[in-house]
Structure formats: structure tokens, C-alpha cells
Ligand SMILES: [Zn+2]
Ligand SMILES: [Zn+2]
Ligand SMILES: [Zn+2]
């Protein structure tokens, strides 16, 4: 009898060079047998039985860089006739359980090839291997092989084919591999259509050198690119894009340049994060003497920076050798266009040329964005390229009997698919207000469902009937004959952080949820709430008192409106103190409208409270240029503080079983502080954290709850987060890091609540 072993490996191990790695490992161990991908992961059959401890240790330690081994198990069996050698068997996949790897930045070996004049792939912008390159963004269907990617239009030449079939080559089964002979090619377009450009890359570089602006096709969308050191070029870009002050991200050619832009204390961690295979944009504190145009990020202390992450970016960055603006070419409020012709037709007039190529984009994948907290740990603000579609596991009690789709929110939209215990959050879609984004969102849902071969039987929607995501979810439910589950916005925020922190289903938490706006029960508008929650249900235990949102949506764009609403509610004799620089605001008519409750719904929004304080301190423009601008300026102002004149507290007012923050008391104390604007900004952050922390601790202690969740988009404010952590030291504090804490992570929580409610 031949005793053999079947080793089962699970995780992100398909399409990342895992089978050839096993093949090499098996050779080292002198094993016979085979390895294959199947619906449950990778299966190895080995004879004779190796030292399994050592074998699995080697397997985990030396696994390919893009793989993520989550589970290894084995079973012995009798192999009647083991083969004489070790082979890689063809895959038999149905896709149902397959994990797809995210797109990954160019690996060092490929990089060396594109810069080596003797290499066949010298200056070839589509060079990839199993350790790097596009994955998720080129897959049209599963199983993951070349026929089902956007590369299927480019049959492999004989050289590529022989690499593809050699287990000892790093392009063995590299589905997106290509070379100058057989792969995609660059295309240059400009406004002189009759001139032929033999070298599109050289033409693009020459155009950039002249201080002009070009469109650049990427993996999952188009960027606008220009010289970031040229003030005149930046002025032209801002004028053409009609973007007054929203900051632009920069592509930084190398570490030397990074050191010229980022403060020394953040340099090492910035370099490490930007060099990761996800290659996100990172926000880092800028040096005052950073040699870039002032119009890149006016009045901001942080710069959004990214390293080159694909061969084309590397080729451009190395040759240009100074920072380039690399900003999404999306027109505000419209869906980003994904096909060259459409892009050139629409955006061509804004630019001097376009460097495109003939590999099509199947699904939108934006750049991801992260920031450092006070402990220099990364916090994801936008989770897309490089991270999607990595999944998270819910508590096993929430195991789903049938697949589920969670629709997300209307701003910063992402949606989620869940199967068994696994939740997969989609790429970022943003604001669903425009019809074109709604269409893209629906197409993407279709694409993801097809990719994972899922037929959701439950669709989770935000309770707000006015949300497009709510309406589209209902429509889909009808089409798919699925059951609708409605969840409340702030409950979903709390649950999202709980999933990431792997909170158990039987555990209760106190959630502090601070955001712009979301609907609570009975049509109330929430945004500064304290909840006691588990995955299944929640109870509201207090928070900020509600005030008017004067002009409804306008309140989110004009901070002074919120100052007026706060003061009308909480500051007696407010008109005597009204700031001079806001004297020409139409205060009287708006006060009258608020008094008559005309277009002034009540809301307890923390986001609008930040706007009010920013308006008073004069640190934001009269009309905001981008979402969150006032809060960002306020945090930045507060960070300038070096000493404090006093400290403030926020008292709690009981109201039935609940507690509300005493804003009358706060404004009176805060307005009477004799301090600088920066000190007042800091004291506001501190007092708000103090007030909410007291509320949370009171509730947690009364109910013996040990975990406090911080969530909602306002928690992107890292000074506020750090003050919360200070006041909540006695508890376990949870706050999202790997998923956005704002609406970009909402669908994760919706999925978990849906799963919990289906268990009843
Ligand atoms: Zn590579
Ligand atoms: Zn080739
Ligand atoms: Zn929210």
C-alpha cells in the first residue's frame, strides 16, 4: 500500500504563481504527485509523505508575494498507483469559492527588465509576471485564465508561450503576461491628427516637458498628468478642470524626491506604505520647502503622494524625474469614462494629448487613499485599487445560507457581496446622484455577481427611501426575486467597524457614530449619535441635540449656515457676537426661514457642527469647494497648537433614558476662552471627544460593556480620533483602519446586519 497525503490550502492563492511554487517545493522535497486549483483552493497530492511540519512551514514562509495563505490542512490516503514525478494538473474551477487577487504594483524583477536595454521587454509598458501586474481589473469572468481576461485579444507569441508553460519561469501561467511582439501597444492622440507619432511614450514625455497637460490611461480609469513643479501649468489645469482648491495627488519618481516633499519624521513610513504592492496614494505632512507649485494643494499641510505602480508610470516617472500631478480625470459628479474614444471626445479639449493603449478597461478601479494616524499607522480613506476584492470574514454565527448583496450608501458608495462568512467590498463608486454613476454602479454589481457566480437571495438597503442605492436595491430585488432587508445608516457604520475588528455576534458594543447625515428611525436625521448595538439590533442612547439644517443640502456647502443654526438654538444674544467677516451673509431671511421651519429639517449632524465652528474661526471659504473641506481646515488649524490656555468639558443633559451633549454650555464656555484661533480649534475637538466619551462610558459602565466603537466619516479626523482614544483608555476602542470609517465602508456593516437578521 502506498501511503500518501492530500494537502488542502485555502486563501488568496490563485493567479499568483502558487502552483509553480508548489511544484518547485515538491521537487526540493523529492515528492511525486500533483497540484491543482479547484473550487475550494489549492489541492496537493504527495507521495511519499514529507515531514509535514517542515513542509507547511516552508510553504507559508516562502509563498509567492501576492498570495495569502489562510488555512492549511491535510488528510492521508492510499494511493494505488502514484505517478513517477510531480506535475501541475489543469484547474477544475467553478469559481464559486475562488478568491481573486487585487492588482499589484510592478515587482523588482519586471522593473529590472523594463530598464535593461538588453532585455526583450526593455521599455515595454505592459510587462507583468505572476508576482505583479493587473489581476482584478482585467478579469472578465472566472476561472482566472487568459481567455477570460481583457488580454484574450492578444494571443501569446511563441516566446511568451514557452514562459507561460514553464513551471520554473515566473511567468508560468501569468495570465496577463505580454511582450512587445504580442501584447498591447501604446497609442498617442493629440489635436494634430495627421501627424504620425512613432514613439507615443517619447511624444507624451516631450509634451509634459513643455509644461502641457495630458490624459493617461491606467488600469481602471484615466488620469490627468502634468508637471507638478510648474506654477503656470497648474493654473491652467485648475482653470480647465474648474477646480478651485481641491488638492491634486502627485506621482513621486523615487525616494530622493519623497524626501524633498515629506517631513523627515514621516519619511520612512511613507516610503514603506507607498512601496507596498497595493501602491495607494498616501497623505503625508509636507515639508514647507517642498519644491512644487503652490497650486498643487493650496493652504494644506498634507500632500497626496503615490509611487509609480505600473511599468508605464515607471517609464514616465524615471525619465521625467520630478513630481507629476496624477489626478483622476473624472469630471465632478459624472461617472468616469472607461473607453478611449469617449474619453478623448469629452476630455480631449481640456488636454494637449492622450497616452492611451489598446487594452480595454472592464471595471472602474480608482486609486486607493490612506493617511497616517497619530501613531503613524495607516488608515484607509478610500479602498479601491490594490485592496479590492480582498475579503473579510464575519463571525461564524453569521454564516449565510444563501448569498447576499448589500447596496451601500449614496455618497462614497461601495457595495458588498457576502457568501457563507465572507464579505467582499467593491471598489469605490462615489456619489450616486448622477445618472451616469448610477448606471456604472448597476453595471458593476452585475459584473461582480457574474464574476463570483452569485445569485443573491437577500438584498440589504439603507432605510432611507430617498437613497438611489435604496431604490436600485428594491428594483434589483424584484428582478432577482430576492428578499429586501432594511438597515439603519448609523447601525451599519457601527457594524462595519465590528466586522473589521472581528467582534463576536453575541457581543454588545457602545458605538459613537459621527458623520454628515443619515436617516434614523421615524424619519429623524442623525449624524452625532451614541448607540448600544450588536449585529442584530441597536438602541439609541443619546448624542448631539438636533438643530436646523438651513437650506437642507445647501447647509453642507455653506458652513456659515450651520453657525447660524447652532447659535439660534444655543447662544442667547448671538447677533451681537456674529463674526464681522460673515456680516454680509443673509442672516435675517435665513433666521426667519428657520423659525418658520421652511426647508430647514432638524438634524443632529456632527459634520455640520464642525462646519459651524470652522465658519466662526474663519478657516474655510464661504462656499466649500469640496466635501469635508471645512473639517479638514479646522483639524489642520488645531494641529498648529503648541500650548493650551485651559480645557473645556461638555456636560451631559439627561432626557428620559438618554443623554444629550449640552451645547448651550459648550458655546458659552468656548466663546469666552481667551485664546488663539488654533487653541480654540483644538479645544473644540477635545471637548467634543470628551463629551461623547463621557456619554459612552456612562452607558458602557451601566451595562457592563467593554468595547467602544468609533465610526462615521467624521472619524477621518485623526486629531479627534486620538482625543477619543485618550478619554476612552479604560476600554477596548475599535475604529476602522483597513476599511473607510465613513460611508465607503458602510456596505460591510450592512452585510453583517443583514446576515444577523436572517439568523432569527
Ligand atoms: Zn513582475
Ligand atoms: Zn510575446
Ligand atoms: Zn454615514
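Residue numbers in this text run from 1 along the chain shown.
Note that Cβ sites are derived from N, Cα and C of the backbone, with glycine treated the same way.
Summarising the annotation, TrEMBL assigns domain 'Acylphosphatase-like' to 4-90. Look at TrEMBL and you will find 19, 37 tagged as active site. For 198-386, the entry in TrEMBL reads domain 'YrdC-like'.
For the domain 'Acylphosphatase-like' (4-90), DSSP puts the residue distribution at 21 helix, 37 strand, 29 coil. Neighbour count (other Cβ atoms within 10 Å of the Cβ, all protein chains): 24 for residue 37 (active site). Looking at the domain 'YrdC-like' (198-386) alone, the prediction's average pLDDT is 94.
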